[in-house]
């Protein structure tokens, strides 16, 4: 892709995200979301492969539908209350339509079907943008309207997302699809706590973005897109594979690592809100995700491929690991001791 064109698309992404985050009026938020959608489409379809074109088409159709629903919900609210302010979303029907529109934007169950397909058809770096940066504007809108949303609907969607994200990731061999289902399952954790403590949703999103960025950049540097290539990537960069294992376990939420922090705080808050059954169910459902993270970690570091013939090994490269990957990986594994500093502010 032409560097000037790429610069324009990345600048548009930043502009769209900034407009959504800083807006008070529904029309400006909608305009920011549209700028974001149009800016990411060329980045998805830049390889001109039929799968990439299909992914871009699916992405465009779902995001256009979600934007139309968002506009419809804000207009319905303005019709009944005379308010275009984002924080003044008070009409119950508008709130339900808004929840479904933002769930479609994010890929929450039952509007999740587009996300694994789009991620599978995109390059790894575009996949990283879709999993992290493109989710920030809808999550910001959810954060701003949190007090108006229906907790029962959000809890139901959250538990379904955690269940389906874990369940459907079990049988995958493509790394990008596994990470897509992992994203759906993490969105469930963010949605369940949104009404009760929106700051925790944001904390969960930031830490999820940090860990996902470390994983996507690692996979990009070893050029890995499926489990069979992940099995031989350790010969290319052994230290990177070892750190990838730790980052994957952190994303799964195992205790000594960063990923345990948001899960711990969310379960604690749910228990305070007397939602112990929901906390128990979502904690048990995260075990499904743990299975495929362990499978990825196992493939990345421990196994040789089970073939009787000699499998082609990749050349060991002496290229230094990029500093961005090193910093993100360290943060993805060592932030748990900061929890006493975070807990009082949430």
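Just so you know, glycine gets a Cβ as well, placed from its N, Cα and C.
It is 96-115, from the ranges 96-115, 116-135, that TrEMBL records as transmembrane segment.
Here TrEMBL gives transmembrane segment for one range in the set 26-44, 178-196: that range is 178-196. Spatially, the transmembrane segment (325-343) is not adjacent to the transmembrane segment (178-196); fewer than three Cβ-Cβ distances between them are under 8 Å for residues at least 6 apart in sequence. When Cβ-Cβ distances under 8 Å to the transmembrane segment (240-261) are tallied for each of 56-76, 178-196, 281-304, the top count falls to 281-304.
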